[in-house]
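TrEMBL has this to say about the protein:
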type	residues	note
BINDING	Gly163, Arg164, Ser165	NADP(+) binding site
DOMAIN	5-116	domain 'Tetrahydrofolate dehydrogenase/cyclohydrolase catalytic'
DOMAIN	138-279	domain 'Tetrahydrofolate dehydrogenase/cyclohydrolase NAD(P)-binding'
Amino acid sequence: MVQILDGKAVAKALREQLTTELAASGLKPTLAVVFDPADDGSRLYVGMKQKAAAKVGIETRDIAVSADATTESVEKIVAKLNQDASVSGILIQAPLPKEVDDAAIFAKVAPEKDVDGLGVTNQGRLFANEAGNYPVAATPKGVMTLLNYYDIDPRGKRAVVVGRSQLFGRPMAALLLNADATVTVAHRYTKEETLNNLLAEADIIVVGVGIPGFIKASQIKEGAVVIDVGMNLVDGKACGDVEAAAADKAGWLTPVPGGVGPMTIATLLESTMEAALEQAK
Ligand SMILES: Nc1nc(=O)c2c([nH]1)NC[C@@H]1CN(c3ccc(C(=O)N[C@@H](CCC(=O)O)C(=O)O)cc3)C=[N+]21
C-alpha cells in the first residue's frame with residue numbers, strides 16, 4: 001500500500017509554527033511579489049501566497065509588471081525594492097512577460113532579500129553546500145522538508161530528478177546531493193531508454209516537467225518514493241506529472257493537489273520570516 005506524503009498537512013503545521021515564531025519576534029515582515037498579471041497561473045498563485053502570508057502575519061506587496069515590460073524596466077523595479085527598508089523579501093514570480101529575461105532579474109535581487117534563493121549568490125552557496133542559513137528555492141526546499149517530516153533520508157539512495165530548471169531541477173539536485181544521495185538529472189535531451197533505465201533503479205524520483213501523466217507506473221521501481229512537482233490544469237482540475245496508477249507501485253507518493261504546492265508556499269513564508277529575522281539583527 002502506498003503511503004501519502006501529505007504536503008497539505010505538513011504545510012499547515014509549518015505555517016502554525018511560523019505564526020507562533022513571528023508573533024514572538026514582534027516583527028511584521030513584508031514580502032514583495034513581482035508578477036505578470038496576464039499569466040493565469042501567476043495570478044492564481046500570487047493570490048494563494050497573499051492569503052497564506054496574511055494568516056501567518058506577513059504582509060505582501062504585489063507589484064504587477066505591464067505587458068510591455070523589458071528586462072531593464074523590471075531591473076529598475078527590483079533596484080527600488082532592494083533599497084526599500086520596509087521590504088524584507090522579494091519574490092520574482094516566473095514567468096515574467098516575454099521580453100523579460102527571468103534569470104537576469106533573479107540575479108538582481110539583493111541576496112539578503114532573495115527569499116526564493118534564485119540569485120547567483122544563493123544558488124552558489126547551495127551548490128557549494130555552504131554551511132549556515134541562506135534562502136533556497138521554495139519548491140525543492142519544501143520537498144526536503146516533506147521528506148524529512150516522514151523520516152525519509154536520502155543518504156545513500158539513488159535519486160533521479162526529472163527537469164533542470166533554475167526554479168526546480170537544479171536546486172533539487174543540489175539539495176539531494178547535499179543530503180548524500182546519488183543524484184542523476186534527466187531532462188528533455190535524455191534519451192527515453194536512458195530515462196527508463198534510470199527510473200527503474202531510482203529509490204527517489206522527483207519530477208517537474210509540466211506534462212500530465214509523464215511518469216508511468218510501469219517506469220518506477222516497486223516501493224519507490226515518488227515526488228510529483230508537476231502542476232497542470234486538465235479540464236480545470238489540478239493534476240501532476242505522474243499517472244494515477246503509480247499509486248499501485250510506489251511506496252510513497254505526493255498527491256496533486258495537496259502535495260508539493262502547499263509546501264512551496266509555506267516554505268516561501270518560512271524563508272521570508274528568516275530573512276526578516278536576519279535583517280533585524
Ligand atoms: N519564483 C517563483 N517561485 C515559485 O515558487 C513559483 C514561481 N516563481 N512561479 C510559478 C510556480 C507555481 N507555484 C505554485 C505554488 C503553489 C501551488 C499550490 O499550492 N497548488 C495547489 C493546487 C492549486 C489548485 O488547485 O489549482 C496544490 O498543489 O495543492 C501551485 C503552484 C510556485 N511557483
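Every residue, even glycine, has its Cβ placed from backbone N, Cα and C.
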Practice task
Sort out for me which one of Gly163, Arg164 has the most neighbouring CB atoms within 10 A, since those are the binding-site residues we care about.
Solution key: Gly163
Practice task
Inside 10 Å of the Cβ of Ser165 (NADP(+) binding site), count up the other Cβ atoms and send me the figure.
Solution key: 17
Completion exercise
The average per-residue pLDDT within the domain 'Tetrahydrofolate dehydrogenase/cyclohydrolase NAD(P)-binding' (138-279) comes out at 98
Fill in the blank from the handout: For NADP(+), residues beyond Gly163, Arg164, Ser165 with C-beta within 8 angstroms of the site's Cβ centre include exactly Val161, Val162, Gln166, Leu167, Phe168, Gly169, Arg170, Val185, His187, Gly208, Val209
Exercise for the section: State the three-class DSSP label for Ser165 (NADP(+) binding site), counting H, G and I as helix, E and B as strand, and everything else as coil. Expected result: coil
Problem - Secondary structure composition of the domain 'Tetrahydrofolate dehydrogenase/cyclohydrolase NAD(P)-binding' (138-279) [DSSP: H/G/I, E/B, coil] - result: 60 helix, 28 strand, 54 coil
Problem - Tally of DSSP helical, extended and coil residues in the domain 'Tetrahydrofolate dehydrogenase/cyclohydrolase catalytic' (5-116) - result: 59 helix, 16 strand, 37 coil
